[in-house]
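Report on the structure given below.
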């Protein structure tokens with residue numbers, strides 16, 4: 001057992017102990033009413049005074065069947081809520097502690113700057129050949145699919161990386177189906193090749209395996225087999241010139257390290273409320289989840305881009321596989337089970353683009369959530385029987401990384417807050433512990449805000465938005481776990497490019513389009529909004545034991561606005 005793993009286990013136990021102590025000391029932990037089935041339903045129910053037989057039958061069925069069944073769901077959600085808050089507390093505590101004690105990757109792993117330099121000035125002085133000898137062969141892969149708006153950005157940024165030209169291969173993997181776009185991308189590659197860059201334009205006859213298939217095919221070229229390391233950037237990512245200089249030395253000096261992952265930053269995070277909320281979600285992911293996994297178990301999910309892999313590790317793990325829609329996470333898990341370690345560099349940032357429309361974001365989240373849950377199903381046994389990872393690391397992977405984040409989080413967020421609590425206003429016999437519906441959400445808000453102080457003003461809106469997204473994530477998780485028809489569905493996220501966010505740009509890349517009303521309205525969101533507003537109104541008119549109508553009205557409003565696509569950058573909608 002390594003020091004990081006032991007420290008992670010201790011911090012996890014401390015997080016659980018602190019949560020339990022806080023609940024007991026405040027008197028929040030009260031299990032005295034596991035199932036409250038009382039006759040007071042007739043006095044609190046608005047329709048019980050008439051004495052009609054059907055009302056009496058409903059009250060009887062409600063107290064004897066409906067309430068007990070829902071109570072089981074309540075306590076299941078309470079257990080999941082505790083799991084979720086302990087996990088969030090643990091991630092935030094580890095990430096904050098790592099920052100406070102200076103537990104940086106440079107302290108945990110060997111890192112030395114590459115000697116000689118690789119700038120153009122060295123070449124002018126005749127030192128390029130000597131300097132290049134210290135640099136390993138690196139290939140940079142740029143997978144793309146009909147990326148008209150951003151292909152120049154990523155290719156230009158990668159071609160600007162500081163690295164000896166003779167030690168760098170740039171591979172553009174173009175799966176575009178639009179002949180016009182393919183021609184433009186090929187011409188762009190030829191233009192950079194004429195400037196002395198070793199850039200390869202690679203295509204396939206089909207799109208089998210989508211991105212994973214393209215990356216796998218790219219690794220089969222003879223020139224790719226000569227490269228020790230492979231960096232990957234999606235078509236909308238723009239690395240800084242020193243990206244390779246800061247990442248590759250970790251791989252060179254630590255032979256057990258397979259991956260170095262950088263953090264994402266965004267060129268359009270202030271364009272709309274939608275992108276601001278996405279930034280809050282992803283900032284927490286990088287600052288808490290990725291940081292905690294790297295600092296303790298040297299394991300986290302590869303984000304699919306803005307990272308550098310050791311070619312040997314990719315081959316050792318079995319290469320790229322297209323069995324799920326999260327080929328990046330799949331490779332990361334398999335590499336970890338082979339004993340490889342990962343490094344997350346939170347100080348190294350790569351510019352990228354957030355989905356600018358609500359539907360595009362929903363598709364992206366469905367792909368991520370469905371793929372993660374499906375990978376959980378496929379990898380349980382492999383994790384259990386792995387011989388090159390410790391028992392603590394196996395527990396972390398199965399419990400924290402997979403179960404809590406991929407299944408528990410979307411399940412409790414939707415079932416408790418969008419189903420059970422709204423229904424409870426009409427079921428007075430149902431017991432909802434205050435610690436589960438008030439204290440735990442407050443604790444989650446606090447631990448999220450600790451790692452996102454700059455996004456504090458958007459956290460309330462983020463909570464409402466996540467309430468809506470929980471519907472999509474739960475549906476995706478169920479589809480992945482049960483391998484339903486859509487579990488392997490892949491839809492590329494549409495990008496708009498930097499010019500779309502330029503205030504001086506007079507020609508928006510997102511043109512107004514005339515769509516039928518049915519295509520502009522998200523019916524599931526509208527349906528849930530009607531349900532929530534109805535429950536809120538019922539609670540407002542007929543006060544019961546609890547008053548949730550303010551929360552329910554806000555949730556209903558959030559579902560309604562997103563149901564009308566009122567968030568994003570669509571010019572033909574009432575966007576925020």
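A Cβ is built for glycine as well, from the same backbone N, Cα and C atoms used for every other residue.
Ranges compared are 72-101, 102-131, 132-161, and TrEMBL records transmembrane segment for 72-101. Across 72-101, 396-420, 521-542, stretch 72-101 shows the highest tally of CB pairs under 8 A with the transmembrane segment (432-450).
Using a Cβ-Cβ cut-off under 8 Å and counting only residues 6 or more beyond its ends in the same chain, the transmembrane segment (396-420) has close neighbours at 5, 8, 12, 70, 73-74, 77, 80-81, 83-84, 87, 90, 289, 293, 296-297, 299, 301, 333, 336, 369, 372-373, 375-376, 379-380, 383-384, 389, 430, 432, 436-437, 466-467, 470-471, 473-474, 476-477, 481, 528, 532, 555.
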